[in-house]
Amino acid sequence: MHTLTHEGGHVLGASHDQSQPKSWIRNDPGSLECLWKEGYIMSYVDGGAKHHRFSHCSLRQIRNVIIMRGRSCWTVSNTAHTNQGKYPGMEVAPNAFCKNVFPDKANVTADMNSPRMRECMVKCQYAEYSEVCYYGRCRTYVKTYFTYEHALDYMYCGDRQVCVQGVCGGKPVTPPPRPAEAPATQKKRNYRNADTKYCKHRVSLRL
């Protein structure tokens, strides 16, 4: 998601932080005053929660392009599939998330009890086993490798708290209720002559 957002920033006129104004974009303010080391979206440095946000320089550059291009730039011209009320952390299980971090390893898990989950950093880990034998006696050793990755939005990070843009403290989202349906008009029915059928109930499941 970070790479997609970073490249989207470029499309909208944002340079890497701490860059000169672009000569090919009229009135481009550049981003010299926003330091690369601060680690916002338009930097490769991991600035923690800031890595989920644009610096004020990037926002100023994007604003300049949108104003210059006019309404045609921000008018929605096509439709896209949306899943209202659902976010990546609701759809991707932590272990599956970590499997993508170590795709060629077995026994990959996410340690959701790691203290750094409070910083919205997922500890992805895998174990490797080795057997060492001396004079007919063998012992099995386990070595665990791990790395930390930014949690997806709405991954759980504490007691009924979720991560939102790298900050633990958001509340779990309940999908919006469906609009109430008008009550059906009941008609008097002759149950003596009615057919006997099973009733099918629709059950709403929340992921």
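Yeah, the Cβs are placed from backbone N, Cα and C, and that goes for glycine too.
Note that this is a predicted model, so its numbers are computed, not measured.
Marked as domain 'Peptidase M12B' by TrEMBL: 1-78.
Among the features that TrEMBL reports, region 'Disordered' is placed at 1-24.
In the structure as shown, the Cβ atom of His6 (Zn(2+) binding site) sits within 10 Å of 19 other Cβ atoms. DSSP gives His6 (Zn(2+) binding site) a helix state. Under the heading Zn(2+) binding site, TrEMBL lists His6, His10, His16.
According to TrEMBL, the active site annotation covers Glu7. Other C-beta atoms found within 10 angstroms of the C-beta of Glu7 (active site) number 10, with every protein chain shown included.
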What does DSSP call His16 (Zn(2+) binding site) in the simple three-state scheme?
coil
Out of these binding-site residues, His10, His16, which one has the fewest other C-beta atoms within 10 Å of its own C-beta?
His10
Please list, in sequence order, every residue of the chain apart from His6, His10, His16 whose Cβ lies within 8 Å of the Cβ centroid of the Zn(2+) site.
Glu7, Gly9, Ala14, Ser15, Ile41, Met42
